[in-house]
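In what follows, a structure is listed as structure tokens, so that the remarks can point back to it.
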Amino acid sequence: MVVRRRRAVSKAREGRVVERKTFKRAFPDCDEADSASLAPARDYLAYLSAERGASPATVSSYASDLEDFAAFLLEERSRSIAEAERDDMAAYAVDLARRGYAPASRQRRISAVKGLYRFLVREDLSESDPAADAPLPAVERRLPDVLSVDAAMRLLDRPYRPDDLGARDRAVMEVLYGCGLRVSELVGMDTGDISFDEGFVRVVGKGRVERFVPFGGAARAALATYLRQARPHLAAKSPAAGFAVFLNARGGRLSRQGVYGIVERSGAAVGIGALHPHTLRHTFATHMLEGGADLRTIQEMLGHADIATTQIYVHVSRSHMREEYLAAHPRALKDT
């Protein structure tokens, strides 16, 4: 084989995860032998993109996980994906742990492999599923980070720079908190997706599923100001602006990384460290629930396919409820 492989050496004792750097992401430059062995993974990635509507970022993540599995098989077991057996899955789980991966990361990688083999069996591309009985590492369910109402108001009411980018940043923050959007949904918004008359924004979520999310007064005002006063100046800088709602300083569509930067800077401005866009989505859902919104309504607004995903916010709300109780009730902390 032309592609050089490096045997992974565990550095878990040093607190570092050891990555396998065997194939280029999404397998574009493998030699002929490698390419043939990776054909099943290529088919699966194409299916995720074309049939499941997975985003490029999701496909890239799956490609990275399957790349690692293929490298393990070839390096440690001298097998291809098509030749894998059940004991290979157990050995791979041990290998991931040896290389220092956390349980959540191990679970994600093994889940990707299980999805691959389910696809191959379903499409009659494999007679057996070596991953069918592979257990997933147990992962402690962690409650999402949520801002208090006071912290959220402090974040959103802060002064922004008095220019086009400041107007954009304010609109980004108000829409993230006011609509509970994912970053990919926010950057994918086009001007035709916003209906000021009806107070709804059209969102294309995971799996390219369309939904309509309402927006309120603060988000409406910030969006209107940005679209009327700031966006035309930014759009004039580049023909790449198209119909994108949120633009960068050069006039192109704002990227995911750009949104991360806006949110992190906004948090730092009011003393909230390492603020992530998804925290605003969690905060939106939790504040809606605490305000009396129905769980099914929140599920629809968030674009969750399964209400079980939305129910995590019930636990967050209960946790908040107990904190409020302990802080407010005069006998809550009394021992006798």
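Any Cβ shown, glycine's included, is placed from N, Cα and C.
Long-range Cβ contacts of Arg182 (active site) within its own chain (separation 6+, distance under 8 Å): Gly205, Lys206, Pro277, His278, Arg281, Gly303. According to TrEMBL, the active site annotation covers Arg182 (among others).
Taking all protein chains in view, 16 other C-beta atoms sit within 10 angstroms of the C-beta of Lys206 (active site). Residues annotated as active site in TrEMBL: Lys206 (among others).
Secondary structure at His278 (active site), as computed by DSSP, is helix. Annotation comment: TrEMBL describes His278 (among others) as active site.
The active site annotation in TrEMBL covers Arg281 (among others). Using a 10 Å Cβ-Cβ cutoff, Arg281 (active site) registers 22 neighbours.
The Cβ of His304 (active site) has Thr310 as same-chain neighbours under 8 Å, each 6 or more residues away in sequence. In the three-state DSSP scheme, His304 (active site) falls into the coil class. Marked as active site by TrEMBL: His304 (among others).
What TrEMBL lists as active site, O-(3'-phospho-DNA)-tyrosine intermediate is Tyr313.
Taken from TrEMBL, the feature domain 'Core-binding (CB)' covers 35-121. The domain 'Core-binding (CB)' (35-121): residue composition by secondary structure is 72 helix, 0 strand, 15 coil, according to DSSP.
Per TrEMBL, domain 'Tyr recombinase' is recorded for 142-326.
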- Tally every other Cβ atom lying within 10 Å of the Cβ atom of Tyr313 (active site, O-(3'-phospho-DNA)-tyrosine intermediate). 26
- Taking all protein chains shown into account, the Cβ-based neighbour count within 10 Å for His278 (active site) is 14
